[in-house]
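Asks: Following this message is one structure expressed as structure tokens.
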Amino acid sequence: MLRAIAEERGRLSLRREVCGLGCFKDDRIVFWTWMFSTYFMEKLAPRQDDMLFYVRRKRAYTGSESTADGRKAEAEPEVEVEVYRRDSKKLPGLGDPDIDWEESVCLNLILQKLDYMVTCAVCTRADGGDIHIHRKKSQQVFASPSKHPMDSKGEESKMSYPNIFFMIDSFEEVFSDMTVGEGEMVCVELVASDKTNMFQGVIFQGSIRYEALKKVYDNRVSVAARMAQKMSFGFYKYNNMEFVRMKGPQGKGHAEMAVSRVSTGDTSPYGTEDSSPASPMHERVTSFSTPPTPERNNRPAFFSPSLKRKVPRNRIAEMKKSHSANDSEEFFREDDGGADLHNATNLRSRSLSGTGRSLVGSWLKLSRADGNFLLYAHLTYVTLPLHRILTDILEVRQKPILMT
């Protein structure tokens, strides 16, 4: 199946060079409907879900709006992911013109035909550039076109397609022993493989140093939380977990880490967070690879049968692009000083609101402890655009590094 898709993508590139974008459209529809019927409707693998995913693309109504030059404004297509059981009588017909059959094949391939293993490791880099792994943990994860907040329970899933999420709901238990200290870094690697384990390739790699995590953590320490702790005579219990989003190399997806301070038995309010809106922090997220022994957990439920989201036209065009194979090679290079501040790290916090922060901000800097302390670094999820996963699977096929 992977070979057939790769060959079709190659033929498409050749056809575009010969006769332009509009050539062989009907031929391509025949190919993708045949692929969908053959590999998902007729062939049922032993571990394959009894579900089919369809990407429906419609034109939204624009009314009488027009552009500055007088032309009629084109409507942004509305994308809807529909989910049906294989034996449902409501399955869309193979000739349905509103179904994007190519994307439907690719989505079902990523969700059902591949296995995924994520590895989180605490490492150090030697002077020669080699990576030394001190401890690591691997966990099987599942691809989903939907997401839900990791800092709250019971919230309904929302559509994320074309971004695919690999979530670890029990991240605090799975990565309970992942602590990072001075001079160390946290490395994340996500690997895809087929059901027979004949194919294996890295689809995400990233790393972040302890110093960057600690800087984020320190900058989120909440003066308001400290004051509330004192004024409530200890009855106020703060939550000291921060969610740090790490961008992948060259913007290739991102991973989220739940960061908290390892308790030392000190009950003082040092180490609480600033719960003000996320302040911009920057850390270069470099690349690399993934997994040893998997631990299976139950596959999560997928979301509602019909999920809608408008996708800009330029995003659709972007999904069709091929991407270079060197997205992950920066992990092997030495950090270049000031360049470490180029990738923004977005933060989310589930701490107390920062009331009075502006009044006592300078006092915070004076009273903050300068010493280093251990941090928990729990991986919560990895997310990647569908087209980047396809490119890594079909073209790049980078070998894992963390897997031994």
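Heads up, the Cβ atoms here are built off N, Cα and C, so glycines get one too.
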Asks: Where does Swiss-Prot put phosphoserine, among Ser104, Ser232, Ser362?
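Replies: Among Ser104, Ser232, Ser362, the one Swiss-Prot marks as phosphoserine is Ser362.
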Asks: Could you check Swiss-Prot and say which of Ser13, Ser263, Ser358 is marked as phosphoserine?
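Replies: Residue annotated phosphoserine in Swiss-Prot: Ser358.
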Asks: If I look at Swiss-Prot, which residue among Ser144, Ser304 would I find recorded as phosphoserine?
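Replies: Comparing Ser144, Ser304 with the record, Swiss-Prot tags Ser304 as phosphoserine.
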